[in-house]
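Structure first, then comments.
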């Protein structure tokens, strides 16, 4: 069965790019427009991995991660945080919140696939 | 990146810029609203991030400084001030040019950036701006890397105790390392606690292995980029095999069964019992689909054709008297109506999208002219067909500009009256039946009918003895010849280009009116049809020809009393429930030969604010009127706004009520009489 990736980003362009890339590689992709939407979808669907933006309305990426990790089904799901920022603070915060890793925007389609393969095996 | 992606990005950018501009303008009146600051920051952040993704690196670099300013504001280090907002708006205006790769020979963009940076660091030269936005590396800063080893090396790594909960999978790492040539992989059990203190969900293990010499630290960094791991690469002295230490040997066996499997998401997990069943947000990604506008136009065309064919089918069914066919035709009629409504609703856009542009215009103009103006908007959610919205922008800009430029007094002049120091411009939109009314109201000096009249006479638009009502006088400013090149003073240059405004509005089958009171202000009202494609029509017959009147303007239908059958010299009036309503004979207006039948009908229509009767031979019925544009050759025929194809395949002209009434009145001699309805 193909693995399901949840992509959370308020930018339709980024979501589109992620969806196109991952679907082409055989993954199933669920889209969410912000952290709250992402949380609802992550809890309503079995997801194998999450790629989330940090800066979003309603609930940001860190908030999403913390909330998801509170739930039994949210433990152990690998989460990759996207950010344009390369500061260490966000990286540390994301780790503390429970993110597995992070990826700096901009990234290429190849990079995205490499990351997802690394996360999902 | 593909064209499709680029198009999606541009679309998104347009929305973002609109939101950004609105946020910046709102900040002007609410500078301490952190919600607004955050929204502006987020918009900028998204423009930067998405821009960089889709190859607009110059854009990303440009936004970076811009964004930093709002990050400072967000952090409370920098207050929002007029200068910041001015620069931010200017910077925002540069974004489309950056996306389109327009050159910037005067260095305007750099100037704006430098000024923005200057606001953050008073007295410091602008920092190099580009790096963060355009940074293309995919990793965080490297940990302290040992130099690339020269001989076979030894690697140790250990995962953090919470690694499994984060979704780390050591077996994937080990596979990857094996792929790099790792051998002698041994588990390090030194950290294993005693069984009673062992939390099976935590990770206690470390590993060590030998790696070929050519493996570089960079390669390993790639491997470990997604795990919170302590790792070290040491040159190849024979490493001590993993000491068993005080670890409990038998627990190691249990732990070798990959704990990750336990923490992996359950395959069929629905929301766990503890999870609140939240409502889906209405704007969830899956709930909205973006469709190119042309496809909507194509859909509307197809629906139009369907409606015409449906009328044809209904007609045929009726002629054939086949009950089964009639039933089917009725069902198709209902379906077509549903499809028509759904399609038209899809094309509706709130005028909010227009208004954002106007806020900026008003702000800029009021700054430039030194006339402080408050711009208020009512009914931003009122929806109109997207084509109407698009075409409405220019006329409204024109009207607003006139309102500030000419309608609004200067600060000094206002001070002399009892008026508030800040002028008011109000844009309102509301539904009225099948029309939308858009009003632009100002509380400025108002228009002087005497001066307009004098000017119109001087310009030869009317003769000196023409009798006109006040609203007819104001309407003169829409005449093509009114106040063009001549310098117009406080009479207001409202005539400049106003004929273009009227033409545009009329091309949308709308109309406009001016009300004004000296010293109190002016209101321009635009009446617009909800949609341009299909209207409800009343089919009438005059001398054997069928015409369609838009149902929206029809008020009622009465019979023409026998005593009114013959025209009177003094003009024709009907007494309708105690009110006099003037009426026009369409046979006479269209110069038809022959005599009407004994029973004629009068269709009472609204023309602007007035009720006027139109005498017709016969009422045929109502129909769904799919509007077909007249050819350019007929552009001068103003009483006809289009044509439609009837069920029997014949063509009926669609009458423009306002022009028809105007035409009738000018044919009627000579008084241009106005009767209050």
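Using N, Cα and C of the backbone, Cβ positions are placed for all residues, glycine too.
Note that TrEMBL annotation is computational and uncurated.
Annotated compositional bias 'Low complexity' per TrEMBL: B:126-142, in sequence order.
The annotation compositional bias 'Pro residues' is assigned in TrEMBL to B:264-275.
Per TrEMBL, domain 'HPt' is recorded for B:1-102.
Positions annotated as domain 'Histidine kinase' by TrEMBL: B:284-532.
As a summary of secondary structure, the domain 'CheW-like' (B:534-666) carries 23 helix, 67 strand, 43 coil according to DSSP. Summarising the annotation, TrEMBL assigns domain 'CheW-like' to B:534-666.
Positions annotated as phosphohistidine by TrEMBL: B:45. On its own chain, residue B:45 (phosphohistidine) has B:67 as residues at least 6 apart in sequence with a Cβ closer than 8 Å to its own Cβ. In the three-state DSSP classification, residue B:45 (phosphohistidine) falls within a helix.
Summarising the annotation, TrEMBL assigns region 'Disordered' to B:124-151 (among others).
According to TrEMBL, the feature region 'Disordered' maps to B:258-286 (among others).
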Secondary structure content of the domain 'HPt' (B:1-102), with strand meaning DSSP E or B:
83 helix, 0 strand, 19 coil
In the predicted model, what is the mean pLDDT computed over the domain 'Histidine kinase' (B:284-532)?
82
